[in-house]
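Engineer: Following this message is one structure expressed as structure tokens.
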Amino acid sequence: MPTKNAGDLKLWQRRTQRESLFHWMLWLIGIAIFAYCWQQISASTTWFFVWDAPRIATDIWTRATPPRWEYIAQLGKPVWDTLNIATLGTIFALILAVPIAFLAARNTTPSRFIIRPIALLIIVSTRSINSLIWALLLIAIIGPGVFAGVIAIAIRSIGFCAKLLYEAIEEIDESQVEAIKATGASRWQVMAFGIVPQIMPAFAGIAVFRWDINIRESTVLGLVGAGGIGLQLSASLNVLAWPQVSLILLVILLAVVISEWVSAKVRGAII
Amino acid sequence: MLRLEKLVKTYKTGDQALKAVDLDIPEGQVLALIGPSGAGKSTLIRCINRLVEPTSGKVYLGDVELTGLSTGALRRERRRMGMIFQEYALVERLSVMENVLSGRLGYVGFWRSFLRRFPQSDVDEAFRLLDRVGLAHMADKRADELSGGQRQRVGICRALIQNPAVLLVDEPTASLDPKTSRQIMRLICELCKERGLAAIINIHDVALAQMFVQRVIGLRFGAVEFDGPPEGLTPDVLTTIYGEEDWEATIEAVDDDDDNDLEVAAL
């Protein structure tokens, strides 16, 4: 009890004596672990490279500036590929995510003990593996190129979209669904009139949000050979063509800024 | 018209919401169901169109017994029971017109309804109903732009466009101000009269119920405690339904309010 009686006064403290002792112990242990880790990390760091870092960084900076502007002519196609990977990947993901979300949501799943766990498993498993790793796997299966990138992005996005969508489905207002049921509507009509209008804003928000993330993810897919601007980036890095690298980074930055702007506009318009 | 026989509902938690309720509603009769919260009013209404599955007992709508129907047959019978809800239960993001037309879903195939290609006769009827409740100019507004009273009017249109034989009305005025409550109750009762509809109206405002209906059922702990005309609601009766309270004020207030209301209506 944090209150105790001292004569007529009732004293109140946030924690009892035991609690505050325990609290101090936790802090002590935390600080000890931090100090130990600090020591370990500095022991295994080659400090020469660290002290050298500013000089190397300036060196790369001088080599990378100014960017090689004329190289932009060769970047049009890869940027277009990147955009397509992100967009097509998002569309495929949404097509697959919608039914999975309906199967996973507690209030719409046809079977709570068999189908729902399967849907949840699909969501977790597709979400848990990074798109770069999916791309590596898919390149081995269907060969390098844009298509592998599209599929990698699509698979990675299914879980994300389905999870957010099924949470939206579980949060709908049931009375609206009840009202549609009471008119004698069929199962599919109840879905189209009672549920879909309620989750439309969430769906649109999820779609543009994921598209925005996928633009960023698809820029690196080329590093493993799955098409897009990452391919140019890894080629330039391999030959130490720093002015090209800096131009590519600028282009990626621009693409991401534009995609953020577009998704913010779309979300604003829908919600 | 509508007959309940020994209707029982026991929830999974063991709560007995309805204890063998018997009720017979003739054609065209408007009936108010009163009772304290938790008396089983909502459950009773929902057991009729099986939004809540009754545990046992029978419900007859005309000659059809509802509790034993298959899903498809139940859907066909639900078309004959219009329902009006406490919080309106309109689909907020659809337009007023779409909400009204959704009352026809039981009659229209999936693709036609999905593409919003309802038969012209349905659209005509929707406009007629909206005009009747004074909302013809609101047809293209989104449902969430409307005020409470307007939304409930749309809810009424949605129930009526089903061309029902009976109206199930669940606390139609609980979210409305006193004046709008009366207007809505009056509208429901007028429409029932025009169309010869039977109706069960759940309502917790005793005074409002007395004003508009021909018959009152008092429910307490899932059993019928009172069944009679509104004048029969004496302080003693209200005490058996709701428990001890000074009821004189409530009942007197009814008459006063009634006069005022008539004046308001005349204006």
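Counting starts with 1 at the first residue shown.
For all residues, glycine too, the Cβ spot is worked out from N, Cα and C.
Note that this is a predicted model, so its numbers are computed, not measured.
What TrEMBL records for this protein is below:
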DOMAIN    A:79-263  domain 'ABC transmembrane type-1'
TRANSMEM  A:21-41  transmembrane segment
TRANSMEM  A:85-105  transmembrane segment
TRANSMEM  A:132-155  transmembrane segment
TRANSMEM  A:190-209  transmembrane segment
TRANSMEM  A:221-241  transmembrane segment
TRANSMEM  A:247-264  transmembrane segment
Engineer: Are there at least 3 C-beta pairs under 8 angstroms linking the transmembrane segment (A:132-155) and the transmembrane segment (A:85-105), leaving out pairs fewer than 6 apart in sequence?
Structural biologist: yes
Engineer: Counting only residues 6+ away from its ends, which parts of the chain sit with a Cβ under 8 Å from the transmembrane segment (A:221-241)?
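Structural biologist: For the transmembrane segment (A:221-241), the far contacts come to 68, 74-75, 78-79, 81-82, 85, 131-132, 135-136, 138-139, 144-149, 152-153, 248-249, 251-252, 255.
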Engineer: Cβ pairs under 8 Å with the transmembrane segment (A:247-264): which stretch of A:21-41, A:132-155, A:190-209 has the most?
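Structural biologist: Selected stretch: A:190-209, with the most Cβ pairs under 8 Å.
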Engineer: Report, as numbers and ranges, which residues of the same chain sit near the transmembrane segment (A:21-41): CB under 8 Å and 6 or more residues beyond its ends.
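Structural biologist: For the transmembrane segment (A:21-41), the sequence-distant neighbours (Cβ-Cβ under 8 Å, at least 6 residues beyond its ends) are 15.
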